[in-house]
Amino acid sequence: MAGGKMKREKPKALAKTAPYQGGISFHKSKGQHILKNPMLVDSIVQKSGIKSTDVILEIGPGTGNLTKKLLECGKMVIAVELDPRMVLELQRRFQDTPYSSRLKVIQGDVLKTELPYFDICVANIPYQISSPLTFKLLNHQPSFRCAIIMFQREFAMRLVAQPGDKLYCRLTVNTQLLSRVSHLLKVGKNNFRPPPKVDSSVVRIEPRKPRIEVKQKEWDGFLRICFNRKNKTLGSIFRQKSVLSLLEKNYKTLCALNIPQQGSADKDDGDFDYSRFGNSNEDQTMEVDDDGGDEEMDMDDSDAEGGDGEASEFKDKVMGVLKEGDFEEKRSSKLSLQEFLYLLSLFNKAGIHFS
C-alpha cells in the first residue's frame, strides 16, 4: 500500500504429517509410521518363515509396502486397516494385479474386530495398541503358528526379558505364560516415514501348545500382589496388612461357602482379558511395572504384627507357605515363570486364593 510498510507474510508452519505419493498424509497421532526401507521389509518377511500355504494376518498395512511382499510368499493376506484412506490405497494398488483375488481388506479397529482364521501374523502396528493387541492375538482360537510384530524397542525388551533383568515385569510373565517370545531384529527410527520418536524391534511370538492352564482372575490377582514391589522380598510383601486382609477375606469367604480349597491349575474361568494390559489411549512410552506402586493397589507397608489372635494365625499360615517353598527371601524380579506357578499352587493347596 502506498506510503505504508509492506507487511511480511510469516512462513507457513510445516505440516505435522508427511505426504505420500498420491496425496496421502500420515498421522503420527494415529501411530501411522510406514516402513520405507525395502531391505528391512525383505528381512522381516524372510525371518517370518512364511509357507506358500499360509493365510497371513497383517495389521495396519498402510499403503501396502509389506503387504506386497506377503502376497508374494503366502496363499492369502487378510489386512485389517482402520483408516479408510489407506483401505482405498490398498485396493487401488492391487486391483487388476494377480494379487487382487488373494487380498482381503477388513476396515475397522483390530481390537474390536472378530479376527478370522490365520496361520501367521506379520505386522507393523500402531505402538499405542501394543499391549491389548498382543493379548488379543494370544487369546485367538484356533491358535496360530506365530506372530512377527514390530513393537517399540522398550516394549519388545519387556516381552523378552528374563528374571533379574531391569525390564522384567508383570507384562513379561503374563506374555511368557501364554507364549514363547524371541527378539529378531532391531529397527532404527529412520526406517519409517514419518520417523517415530523411538526405536523399534521385531519379535517372534509363538503361542504355547498346549497352553499352560491357570485361572485367569486368580493368576492376575496373585501377580499384581507379587509385582507391587517387585524388588522387595516376598516375605515383606505378604506381611503387609492390606495383603493379609485381602487374602484372609477370600479365605473366610471360601470356607463359608464350603468351596474346595485347591486347584490352581483348573481350566480357565473365561477368556483371557487382554483389555486390562493396555488401551488405545496409551502413550508411545509403555506402562512400567517397577518398584513403584501398582496402579490398582494401595498397599500399607506396615507389618501386621500385634493384631488379634485370628489375624496372627492367618499370617502364620501365609508365611508358612512361603517358607515351605523357600520363597520368603526371594524377590518377584528374579522369579521364573515356573516358580510363580509353583508358589501359586502352594498358596491354593493351603486354601489361600487371590480372586
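Cβ atoms here come from the backbone N, Cα and C positions, even for glycine.
Values in this document were obtained by computation on a predicted structure and should not be read as measured data.
Applying an 8 A CB threshold to same-chain residues 6+ apart, the list for Leu35 (S-adenosyl-L-methionine binding site) reads Val41, Gly62, Asn65, Leu66, Asn124, Asn191, Phe192. Annotated S-adenosyl-L-methionine binding site per TrEMBL: His33, Leu35, Gly60, Glu81, Asp109, Asn124, in sequence order.
The domain 'Ribosomal RNA adenine methylase transferase N-terminal' annotation in TrEMBL covers 40-209.
Feature annotation from TrEMBL assigns region 'Disordered' to 264-315.
According to TrEMBL, the compositional bias 'Acidic residues' annotation covers 284-311.
Sequence-distant contacts of Glu81 (S-adenosyl-L-methionine binding site), defined as residues of its own chain at least six apart whose C-beta falls under 8 angstroms from its C-beta, comprise Gly60, Pro61, Gly62, Val87, Leu90, Val105, Ile106, Gln107. Counting every protein chain shown, the number of other Cβ atoms lying within 10 Å of the Cβ of Asp109 (S-adenosyl-L-methionine binding site) is 11. In this structure, of the binding-site residues Gly60, Asn124, the smallest number of CB atoms within 10 A of the CB marks Gly60.
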